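Here the structure is laid out as structure tokens; the discussion comes afterwards.
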Amino acid sequence: MEEGPIKKKLKSAGQGSGKTDAFRNFEQFFFRLNTLYTFLICRKHVVPTFKTLCGPIETALKRTVTKEDLAMVMALMPRECVFKYIDENQIYTETKIFDFNNGGFQQKENDIFELKDVDDQNQTQKSTQLLIFEFIDGTMQRSWSASDRFSQIKIPTYTTEEMKKMISKREALFKSRLREFILEKEKANLDPFSELTNLAQKYIPRERDYEDPIEAMMKAKQESNEMSIPNYSNNSVITTIPQMIEKLKSTEFYASQIKHCFTIPSRTAKYKGLCFELAPEVYQGMEHENFYSHQADAINSLHQGENVIITTSTSSGKSLIYQLAAIDLLLKDPESTFMYIFPTKALAQDQKRAFKVILSKIPELKNAVVDTYDGDTEPEERAYIRKNARVIFTNPDMIHTSILPNHANWRHFLYHLKLVVVDELHIYKGLFGSHVALVMRRLLRLCHCFYENSGLQFISCSATLKSPVQHMKDMFGINEVTLIHEDGSPTGAKHLVVWNPPILPQHERKRENFIRESAKILVQLILNNVRTIAFCYVRRVCELLMKEVRNIFIETGREDLVTEVMSYRGGYSASDRRKIEREMFHGNLKAVISTNALELGIDIGGLDAVLMCGFPLSMANFHQQSGRAGRRNNDSLTLVVASDSPVDQHYVAHPESLLEVNNFESYQDLVLDFNNILILEGHIQCAAFELPINFERDKQYFTESHLRKICVERLHHNQDGYHASNRFLPWPSKCVSLRGGEEDQFAVVDITNGRNIIIEEIEASRTSFTLYDGGIFIHQGYPYLVKEFNPDERYAKVQRVDVDWVTNQRDFTDVDPQEIELIRSLRNSDVPVYFGKIKTTIIVFGFFKVDKYKRIIDAIETHNPPVIINSKGLWIDMPKYALEICQKKQLNVAGAIHGAQHAIMGMLPRFIVAGVDEIQTECKAPEKEFAERQTKRKRPARLIFYDSKGGKYGSGLCVKAFEHIDDIIESSLRRIEECPCSDGCPDCVAASFCKENSLVLSKPGAQVVLHCILGHSEDSFIDLIKDGPEPNMPEIKVETVIPVSEHVNFSDDFKIIDVRRATKDDTHTNEIIKKEI
């Protein structure tokens, strides 16, 4: 048989040197590899691991097969092969049984909806990485991912002839590449075999080290500094914002997603002089001696002894106002002290750093003690600060629990206290705001009445307050406040882009995933050196966006940029957050992905762009986030990527509302509640402990009528006044939580490579949705497999894995009344309204594994105990004739109830003081309501609301809603009917706070529900109601809501309020009458 050209070439290449034999052996190895691989893939459908391939080849060749052998094949055919480590959790290693009667190995058919017990599953989910080799040359393309396991397309079984053709085609390509390589190296007078073995070294895969992401970031930055690489690599190429917008339009993924693009013109600076002379030394700490007009106005007002509220835009230099005011007084009065109050420790640390930078430039103040006083301050440091501090940076919690009850140790500080600064005043709202306002009144009372310090002034800042003067008066219990709102700071042009992901092919409603769209945009911004902060409205979106960005960098060969972007949110350890803040501040990160944790004014350096992954919770949040960009007076970009929720799509349709930068009316009223007895009593008890209460003296600090009633009924009296009750002793402030009760924290422990470090802390209420055995927990965009969840010891152990699927919990939440304490009728209706004990039951019964295309690839069962939360709330059972009208009109009942609940919750702030998360309801999930199959879990036709804070006794908010329910429902109905939208929007029945994205909504159904509850006759409104089915929802095939039938028990001391007569269509009132008799 005549020798082929390749064999002739091999002979001439290394006759007598052994090289010919080496290449011949290499050829034989490839033949065996090619044949075995094709057979395994086409007939056995098994994973081609290194171990699986080695055994048969070693038997045939009678030699050891090494990684270098496969790496040499990779070196010749880099585009046709894959040789890498993959995580065992990424693939499915199916157990096979050999059966001669049925043709060999048998593989089990998989049903993705068959629940597998997680305990059994975890026995096979080890963290080992598998080394695989595969051909991806188009002959038999395959990608080993979890989705293969459930592919709906059966992998074909090839005939022997077809397999031979595959083998021959691949071998021909191999020989061609080998021949070309030998010729090229010989032409260069190089040894071909040595060159091939050397080249193969770079193709030998190495197991992933799974380094901690924060450590990886710090290591990369350190190496960059050591190599003297500027942090702003390629920064010489500056992309302007208009250029960046055009570049986005020219990307391959652009398909007319930009629906609106607005430009707010730049603004020049306005300067103004002071009406008095600052201490000359003050100017040593300033970069320039000119003041913006609003800075001068505020400093002048403070000099005249006024209380000041500043509402100019974000990054307009508000901080400098109170910094300079304090420094001037420090220089003029050596005894003066100052208190800076911030809502978070991070913000306090940030402001202390900025303040110290100014002080460091003023020699006369270099010895002034300026420090933070918070929960992290060590005991020995606290004593020193109490005795020596001139300026403290603290938070409301420390004032409440440490400074006020312990005020004797703060005698000197409080006696000389000149200025109290409360930044980010808009944070103090709802229950928390009411608590903090009472703390401020206790502080003012002590300074006035005990330390005779009548010169105390207050200064506050916020860019997003609806009624700033009134809010500040309420917060501090003061009568006069000066408003500074004319902004004199310069700004560059601000560009606002509204981006709507494209509708997917063959879908009428479903759009491209907004997280993936946001990731593509963020990558482009980073590549063009546009320093960006991306805001996400919840933690999970933050992590998923981080994951997508990392994947894009890896897929596009830009692994060098992986450490240039980090995520930042609550739950991360304090040390990790400080490291990320520091790197961002010094310009070492090109982007940061955050929840609203960075919405506050923490200085993280100059930013060019804000990317919003989904619309924020409120218009105030939108303006706070948008204001983070453009801090160097350059042009800035705000780019909003809309999700498919009705709220986001509303702003896509009506973007003009986003331009109302200074329209205070678009912000929520932040009214404070001083009539909530539950809140008020706690602070009066604390105040009595700090200084005995005297009615005439103290009525200016607390509501007079409530003060007298609480003192007489709940406090002890002697000749000195009223003292705290024994129930609150020995330390009343410990009995009063400003934040509605702190939850237990669960530690997330990373056990990868024996690391055993806590990477996050998670609230107990979140664990059911984030930590379950076998689930994927995402941290810094990397997936971690939950190996152990211990609810008793409050920890979870997680291990880093490399998979491209995530897990979505399968859960349900039932909110049900347990006991009736109060019952009343409406003014013009027989429908009863109930108030009493509420039980919320959260059950996670399993989870889906979901690939990056949102396809379900597995279903796993879990056995977590239910989470039960007891609270207080109110509920209204939907009248039966409302159900009948909805059915007659073909309206979805679940959507009707859901829409009515949203409308009522949206109206609550007009009648009671409640934040968006302080009263909650049972939201309707699209997975259930839009299901194809009938569900056994039917829910009663009921509107229900409950206090989310205050524990089993509630916060007192729902009982106030109960008192005002007539006006609330009437106003809710009026708002729906006056709203011009067709299917629901944030102004009527859609809600940004909805946990289910407001997808199950029926605006006309909500009208029916509220009309019927208010007792309106069908004839009076039926013609105004649009017929269904609703165009904003898919075809509804199952009914999930049934009339209320279960009986709710009455409490032993229940009360009937304003009962008019028996209801027409149920037996509730009969039960009431029996109970009353």
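Using the three backbone atoms N, Cα and C, a Cβ is placed for every residue, glycine included.
Residue density at G317 (ATP binding site): 18 other Cβ atoms are found within 10 A of its Cβ, drawing on all protein chains shown. The ATP binding site annotation in Swiss-Prot covers T312, S313, T314, S315, S316, G317, K318, S319 and is backed by sequence analysis.
Confidence over the domain 'Helicase ATP-binding' (299-483), given as mean pLDDT on the 0 to 100 scale, stands at 90. The annotation domain 'Helicase ATP-binding' is assigned in Swiss-Prot to 299-483.
If you look up Swiss-Prot, you'll see 521-678 marked as domain 'Helicase C-terminal', on the strength of sequence analysis.
Positions annotated as motif 'DEAH box' by Swiss-Prot: 423-426.
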Please list, in sequence order, every residue of the chain apart from T312, S313, T314, S315, S316, G317, K318, S319 whose Cβ lies within 8 Å of the Cβ centroid of the ATP site. I310, C461, A463, D487, S489, G627
Number of other Cβ atoms within 10 Å of the Cβ of S315 (ATP binding site) across all protein chains: 22
Do you know the DSSP helix, strand and coil residue counts for the motif 'DEAH box' (423-426)? 2 helix, 0 strand, 2 coil
CB contacts for K318 (ATP binding site) [other CB atoms within 10 A, all chains]: 27
